[in-house]
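According to Swiss-Prot, the protein carries these features:
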| type | residues | note |
| --- | --- | --- |
| TRANSIT | 1-20 | transit peptide |
| BINDING | 120, 144 | substrate binding site |
| BINDING | 145, 199-200, 219, 254-258, 280, 306, 330-333 | NAD(+) binding site |
| SITE | 282 | site 'Important for catalytic activity' |
| SITE | 330 | site 'Important for catalytic activity' |
């Protein structure tokens with residue numbers, strides 16, 4: 001297909017001996033890395049995205065004779081993950097508690113054939129290294145797009161309406177209407193621009209339409225003309241020309257080498273003073289200190305999102321302490337509904353893997369050593 005092109009290291013990977021795209025016969029060692037549920041693990045039977053829930057596939061895998069190991073311990077040479085790298089066949093991880101799969105780890109993983117992301121976004125994997133090794137990398141495309149788009153809309157409203165200071169007043173026994181109202185705004189009539197209009201970006205634009213906003217979008221490709229007309233969104237080919245027009249900017253582009261650090265001090269300075277930024281894409285798309293400085297200076301009136309770099313965010317991460325933020329841990333795409341969708345998607349791909357069948361084409365990030373074009 002046109003979307004697949006050989007990665008630069010693909011021929012090298014083939015020369016070194018690529019890994020099988022489909023499973024060979026016999027029992028497989030499958031390792032899952034998820035966040036720990038702890039005291040919350042047994043509070044909801046559908047809470048399958050945690051270590052204890054294990055995506056709800058343990059009984060199914062073990063009934064087929066496979067070995068399934070699940071952990072949240074993923075960092076360092078003495079981690080639980082590291083103990084299993086050399087002989088695991090499949091690694092399942094998640095953007096919400098990512099196991100960073102470096103070229104070094106791929107080199108150690110002699111039996112590794114398949115890397116699955118339970119959710120969307122596989123930038124925790126060194127994709128060129130995976131391609132060079134002939135691996136397959138796939139994710140559950142579409143599994144949490146609604147979840148993330150809804151969360152983005154929520155954060156836009158939280159920041160525009162200056163909700164968080166009001167909430168804090170109530171918690172601390174205070175009452176000062178002026179301290180909230182002096183910078184609270186309606187969403188109606190504002191110009192909202194999304195950087196990226198893929199599945200999540202389009203869903204956000206559709207949800208913004210009833211608010212009577214002026215909607216702009218920037219992407220490599222224009223969305224379908226009929227949908228564009230239905231939503232009432234205008235395409236902006238030049239990102240830097242779009243930014244000064246926007247009262248609200250939402251980041252919906254994947255993290256690639258082209259987008260890493262995309263929003264630096266200079267680009268943020270091109271935005272309208274007092275802009276609201278929402279980023280549920282990836283933290284590394286932003287220059288961390290530039291965002292914190294812009295929030296402190298007032299160039300950015302509010303910054304919200306659930307993505308950080310690195311993750312989990314260290315205690316001294318500047319975004320924890322910058323003014324006017326609406327930051328949370330990485331939660332937008334791991335609602336219970338999303339967990340059930342991406343758990344089902346992982347099970348489906350594992351079943352296809354065991355049977356030697358292809359995955360849904362949209363799920364592939366690297367297919368048998370070939371990197372999807374958008375990650376080139």
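Each residue, glycine too, has its Cβ placed from N, Cα and C.
Taking the features listed in Swiss-Prot, we show where each one sits on the structure.
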residue: 120; record: substrate binding site; DSSP (3 states): coil
residue: 145; record: NAD(+) binding site; DSSP (3 states): helix
residue: 200; record: NAD(+) binding site; DSSP (3 states): helix
residue: 254; record: NAD(+) binding site; DSSP (3 states): coil
residue: 282; record: site 'Important for catalytic activity'; DSSP (3 states): coil
residue: 306; record: NAD(+) binding site; DSSP (3 states): coil
residue: 331; record: NAD(+) binding site; DSSP (3 states): coil
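Of the binding-site residues 144, 256, 144 has the largest number of other Cβ atoms within 10 Å of its own Cβ. When the alpha carbons of residue 330 (site 'Important for catalytic activity') and residue 254 (NAD(+) binding site) are compared, the span between them is 15 angstrom. For the binding-site residues shown (254, 333), fewest C-beta neighbours within 10 angstroms: 254. Just so you know, the Cβ of residue 282 (site 'Important for catalytic activity') picks up 24 other Cβ atoms within 10 Å once every protein chain is counted. With all protein chains in the displayed structure included, the most crowded Cβ environment within 10 Å among the binding-site residues 120, 200, 331 is that of 200.
Ranking the recorded positions 258, 330 by how many other Cβ atoms lie within 10 angstroms of each Cβ puts 258 at the bottom. Residue 306 (NAD(+) binding site) counts 24 other C-beta atoms within 10 Å of its own C-beta, drawing on all protein chains shown. Long-range Cβ neighbours of residue 145 (NAD(+) binding site) (same chain, at least 6 residues apart, Cβ-Cβ under 8 Å): 120, 199, 200, 203.
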